[in-house]
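Asker: This structure is in structure tokens; I'll ask about it shortly.
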Amino acid sequence: MLKIGDKTFQSRLMLGTGKYPSFEIQKEAVEASGAEILTFAVRRMNIYEPSQPNFLEMLDLSKYTLLPNTAGAKTAEEAVRIAKLAKASGLCDMIKVEVIGDDKTLLPDPIETLKASEMLLEEGFIVLPYTSDDVVLAKKLEELGVHAIMPGASPIGSGQGIVNPLNLSFIIEQANIPVIVDAGIGSPADCALAMEMGADGILLNTAVSGAKDPVKMAKAMKLAIEAGRLGYEAGRIPKKRYAQASSPTEGMLTT
Ligand SMILES: CC(=O)[C@@H](O)[C@H](O)COP(=O)(O)O
């Protein structure tokens with residue numbers, strides 16, 4: 001079970017809802033993924049344009065926990081304003097803090113992320129910050145009281161997978177709150193690796209929405225996360241330098 005704040009979830013996959021070929025395919029992919037937490041950019045909620053189609057209307061919202069994100073924010077103040085807008089809609093009290101510090105890489109601004117997280121905690125939000133894979137920053141966020149940390153595997157939408165497993169392992173080792181690997185996941189193998197390393201969950205979007213068959217890929221991601229988690233719990237064998245026979249050698253006839 002994944003526990004975030006006072007909520008528990010069976011699924012360890014959080015799915016993004018952007019860039020699907022259609023609302024219908026998105027709905028099918030969400031169902032195939034088994035995800036219970038769906039994330040979306042608050043700016044896509046069509047708050048200002050209620051006449052436009054809203055992707056949330058396609059889903060049975062009683063089945064999902066919504067995790068709005070502050071995509072588009074470049075300062076802590078902007079992130080807080082976006083988060084309050086989401087809360088005012090009555091849809092959620094969880095927020096993914098996303099404060100981008102660089103337009104080319106879309107990497108998060110650590111200082112503004114820390115500031116925004118502090119302000120949102122004071123406002124009573126369940127706070128999940130998207131961070132760089134920096135263990136010191138992760139520790140400072142945990143000390144603030146955030147409810148999970150979401151280090152990036154690699155830049156958003158890049159599909160490069162986990163580019164720095166060492167950094168990620170430092171965060172996983174030291175965290176006492178859930179670590180959700182967020183952004184840059186390209187394939188089911190990336191999910192399995194992160195989960196085998198001990199991550200508590202995965203947040204992904206592009207690898208599913210941009211796949212040739214998003215519904216099939218959503219299912220593949222679900223299975224990979226489950227397999228990776230089972231492998232982590234089962235305990236991997238240590239790697240050895242040389243061969244070791246798989247069948248017992250005691251009692252073998254010698255010439
Ligand atoms: C949907 C969302 O929150 C993204 O900003 C997230 O970081 C996912 O990244 P990928 O699209 O690389 O999976």
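Using the three backbone atoms N, Cα and C, a Cβ is placed for every residue, glycine included.
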Asker: For the 1-deoxy-D-xylulose 5-phosphate site that TrEMBL gives with Ala183, Gly184, Asn205, Thr206, which of Gly145, Gly157, Gly231, Gly235 also belongs there?
Answerer: Gly157
Asker: For 1-deoxy-D-xylulose 5-phosphate, what surrounds Gly157, Ala183, Gly184, Asn205, Thr206 with a Cβ no more than 8 Å from their Cβ centroid?
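Answerer: Going along the sequence, the neighbours come out as Gly16, Pro155, Ile156, Ser158, Gly159, Ile185, Leu204, Ala207.
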Asker: In this predicted model, what is the average pLDDT of the domain 'Thiazole synthase ThiG' (3-248)?
Answerer: 93
Asker: Give the residue from the binding-site residues Gly157, Gly184 that has the most other Cβ atoms within 10 Å of its Cβ, counting over every protein chain displayed.
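Answerer: Result of the Cβ crowding comparison: Gly184.
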Asker: Within the chain of Lys96 (active site, schiff-base intermediate with DXP), which residues six or more apart in sequence place their C-beta under 8 angstroms from its C-beta?
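Answerer: Listed in sequence order, they are Thr39, Leu67, Pro68, Asn69, Thr70, Leu128, Pro129, Tyr130, Met150, Asp182, Leu203.
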Asker: Determine the most Cβ-crowded residue among the binding-site residues Asn205, Thr206, using a 10 Å radius around each Cβ and all protein chains in the structure.
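Answerer: Highest number of other Cβ atoms within 10 Å: Asn205.
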